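First comes the structure, then the notes that go with it.
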Amino acid sequence: MSTQGPQNWKVKAEQKYKQTHALIPEAWKLSPEVTKDLVRPLETSNNNLIELDIPRRSGILTAQELRITEEYDVERLLKALASGELSALEVTVAFCKRAAIAQQLVYSAVLEYLGTSCLTEILFQQAQDRARELDSLREKGQLGGPLHGLPISLKDSFQVQGTDATLGFVAYLDHGPSQENSCLVDVLLKQGAVLYCKTNTPQTLMTADSHNNVFGRTLNPWNTSLTPGGSSGGEGALVAFRGSPIGVGTDVAGSIRIPSLCCGLYGFKPTAARVPYGKQAPLGNPGLRTIQASAGPLTNDFKAMAIFMKAVLDARPAQFDSAAIDIPWRPVEGLKGQLRFGVLAEDPIFPLHPPVKKALADAASLLQKAGHEIVPLKATDGLVAPSYDVATQLWSLDRTSAATVLKGGEPFIPSIVTGRNAIRQIKFDRSIVQDTRSIEEALERLALLNVKRSEIQETWRELWEHHQLDAVIAPGSQTTAVEHDQYGPAPYTSIVNFLDYPAASLPFGRATKSHLSGSLEVPPGSFAAPYNPENLEGAPLSIQVFTTRMRDEECMAIAKVVDTCLNTQGLNIIA
C-alpha cells in the first residue's frame, strides 16, 4: 500500500533531480543559443543530436578535449594514458564535460522541467581527484592498472559508496547513500579506472524504455523521438553521444544488447557470473534466483569490449565476489577458416520489423560470400516464443519491484503497461497453470517452469550438436529503436539469458529506404511494436552473435570475424 501522496512523491523526485543537475559546473552549462535549433518537445520530434554537433558548437570543450572524446578509441586512449601522452586528469575532464552536455539536451515532459535523464549520479569532482592521484602515481613510474586513467560510466544499479542507487524508484530516495561498492566497482578501481557518473534506467528495470518518475525519460541521440532502449538506456545514450568510452550495463533480458542496437553501439553480455555481479542495488527477492543477470560493456569500438572483459577477469573477480566464476579471460587468437553459423529464424508469434529482417538476411548473405557456412534454423528449432513464455512466468513470480513502485506512491510508467498488455494478447501454447494462490502452488509452478526451461536448454544442446554450429547469428531485437513506450516484449534477446549464453551485439549500418520498404503483418495472438517507417530512416541496425555457455572468449573471437565481414567489407556491398 502507498505510504505517500501524489504530491509528496513529485516533490521528492524533483528535489533529487535538481540535486543531481546542480552538480554540473556553471562553466559547463549550455547557452540557449546553442540549443535553439532543437525541435520541441524532443521526445516526439526527430532531432539528431549527434549530427547537430552541439559539444563542438557549445565552446565548452577545447580542441584537445574534442579530439580525446571523438578521435581516440579505447585502446589508443589507454596507450596514451600509459605513456604520458595524455594525463588522466585531461581525459577525465574531457569526458565529464561531454557527459555534462548530454545531461542538458533532453526535455522531460513527465516532470516538466528542463534537463536530461541520461545521468543519475554526477561524480565529476571525485573523478578529477581520482585522476590526479593516478597522474601522481604515473609520475613515480607506476600505473594504476590495465585501465589506468580510463573514465568508465556505470548503470545506476551499481553501488558506489557515498552515492545514491535509486534505480528510478521513488521509494529508494529514502535509502540514503550506498554504504559499500558493488563488487565490479571495486574491480574497476583496482584496475585503474576513473568512475565519473551513473546513468538512467527504467522503473523496475524490466522494460526497454529508460524512463522513470525520478529522472524522467532518456532519449536516443540519433533521433530523440525514439527510445534508446533499456534497461541500460542511460549508458546507451551517453556512449553514443561519446560521453563515455566504456559504459557498464547489466542484462537479464537484453538490457545491454537492446540499447546497443538502438544507439548503434557494440555490446557484450557475458555468461552469468563471469563478470562479478555482487552487491548490486537491491531490486528483486535475492532468494528467488531464476534467470541470472550479467554485467558487461557498451562501447563505440569492438576492441573495447575485449579490453574490458580481459581487464575485469584478469583481476580475479572471485576474490571480490563469492558468486563469480573463477576463470581468467582466455583470448582466442587467430581464428581462421570456415565457420558454421546457424541463423535464428523469425518466430511467427513475434514477427520481425522489415529493417530487422533485411539486416539479418544481409548479414547471412555477406558471411556466406566470405566463405562461411550458413545453416538456416527453423522457427520450431529456436523455441523463441516458448522460452519467452517460460521466462516471463519465472520473472512474474517475484513481485518485489511492483511492490516497491506502490510503496513510493508513484504511478507505473507507460511502457510497463504496454508490456503487460502485450503479454496478455499473445497466445502462448501453455501447459503450466499461471494462477497461484498459495506458497505451495507457487513453489510447484517454479519447479514446473524450471523443468520446462531445462527441456528447452536440452533442445538447444541437441541443436548445436546436430548442426555442428560454431555460433548463431540472430536479430539484434524484434525491432529497431521505436517510438517511446512502444517497445514491448524482447524475445530475441531474452532467449540468450534464458539459455545463459554469451552474446555480442554488433552495429550493422543504419536503416535506409530499402530496409524500410517491406510491410509488417501481425496476426491475432502475436505481437510486434507499431511500425512507423517514416520515422525510422537512419535508425541504427544490429546483429546478435551468440555461442554456448562459458564460451565467452570464442563468442568474442567469432563476433570479431562477423564484425569484420559486415562492417569492413559488407557496408560497401549491401545498400
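Even glycines carry a Cβ here, placed using N, Cα and C.
Those TrEMBL annotations? Automatic predictions, nothing curated.
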Which residue of SER178, SER182, SER231 does TrEMBL report at the same substrate site as LEU205, VAL252, ALA253, GLY254, SER255?
SER231
Helix, strand or coil at GLY254 (substrate binding site), per DSSP?
coil
Sequence-distant neighbours of GLY254 (substrate binding site) in its chain (C-beta under 8 A, six or more apart):
ALA208, SER477, ALA490, TYR492, THR493, SER494, VAL496, ASN497
Just checking a number: largest C-alpha distance across LEU205, SER231, VAL252, ALA253, GLY254, SER255 for the substrate site, rounded to a whole Å.
11
Near SER231 (active site, charge relay system), how many other Cβ atoms are within 10 Å of its Cβ?
34
Do you know the mean pLDDT across the domain 'Amidase' (91-555)?
95
From the centroid of the CB atoms of LEU205, SER231, VAL252, ALA253, GLY254, SER255, the recorded substrate site, which same-chain residues not already listed sit within 8 A by their CB, in sequence order?
MET206, ALA208, GLY230, SER232, THR250, ASP251, ILE256, ILE258, ALA293, ALA490
